[in-house]
Amino acid sequence: MHIHVTYYQYFFADVVMAAGNSLEKQIGCVKYTLFCFNVVAWMIATSLFALTVWLRAEPGFNEWLRILEAESFYIGVYILIAISIIMMAVAFLGCLSALMENTLALLVYICAQIFSFIIALSGSGVLLNYSTMHSSLQPLLLNSLNRFVSTSETRYSSYVLNMIQENIGCCGATGPWDYLDLYQPLPSSCRDAVSGNAFFNGCVDELTWFFEDKSSWIVALALTLAMLNIVCSVMSFILIQAVKKEEEEARAYRH
């Protein structure tokens, strides 16, 4: 009888040990995968920070927004600059908490990821609201350009219109008829230098496409980062459950 009991004790110990080794391998797999995802997130956050700061600091672009009184475009940029800095710190926290297998640190990390996800989506939405077609940007551009067209005989308005029309390849606020409706001749900057034909598109649409092109890469990076937030949060939750299960099995084995 004593032999049978001893046999079953050893058999049970072997089963527990095998299960423990399997769980340890799973924890290691999740832990290092989470670590790699956080390294990728840190790189994306760094790229997002560099692009947003570059866009905010670009002198020519900054001057155009100031002249056109469309600096609301920068609201979304400011939000994404802030979230990129936060996400660099959060990614570092994620690496440490994953390697340490600390459940409290992982819970804090999950909360930070959820917060970052919400702010990243908000910043992307605000930026898109001031940089795409049929957005809040277009009324601002329309008001400014209509004012410049109506006062195009002045030196400053003429300078601004020529600068925009030559560089973007557009005419008036909504098209050449903006000048014709005011019985004003089309300026040379409204015409193609090669063909001599007037540009058909107005500067509101052309500028919107220009701003949209500038912000598209930034929004793409921010949304990719938001997606990684969700993935890392789920993996962190799985890691917490696995670590808790390992601790429970270790306590049960000791008893």
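Even glycines carry a Cβ here, placed using N, Cα and C.
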Quiz item: Cys170 has a disulfide partner in TrEMBL; which of Cys190, Cys203 is it?
Solution: Cys203
Self-check item: Between Cys190 (disulfide bond) and Cys170 (disulfide bond): CA-CA distance (Å)
Solution: 6
Quiz item: If you measure Cys190 (disulfide bond) to Cys203 (disulfide bond) at Cα, how many Å is it?
Solution: 10
Quiz item: So which residues does the transmembrane segment (217-240) touch in its own chain, when a touch means Cβ under 8 Å and the partner is 6 or more beyond its ends?
Solution: 27, 30-31, 33-34, 37-38, 40-41, 44-45, 47-48, 51-52, 55, 77, 80, 83-84, 87, 94, 97-98, 101, 103, 106-107, 109-110, 113-114, 116-117, 120-121, 123-124, 127-128
Quiz item: Just counting, how many other CB atoms are there within 10 A of the CB of Cys190 (disulfide bond)?
Solution: 23
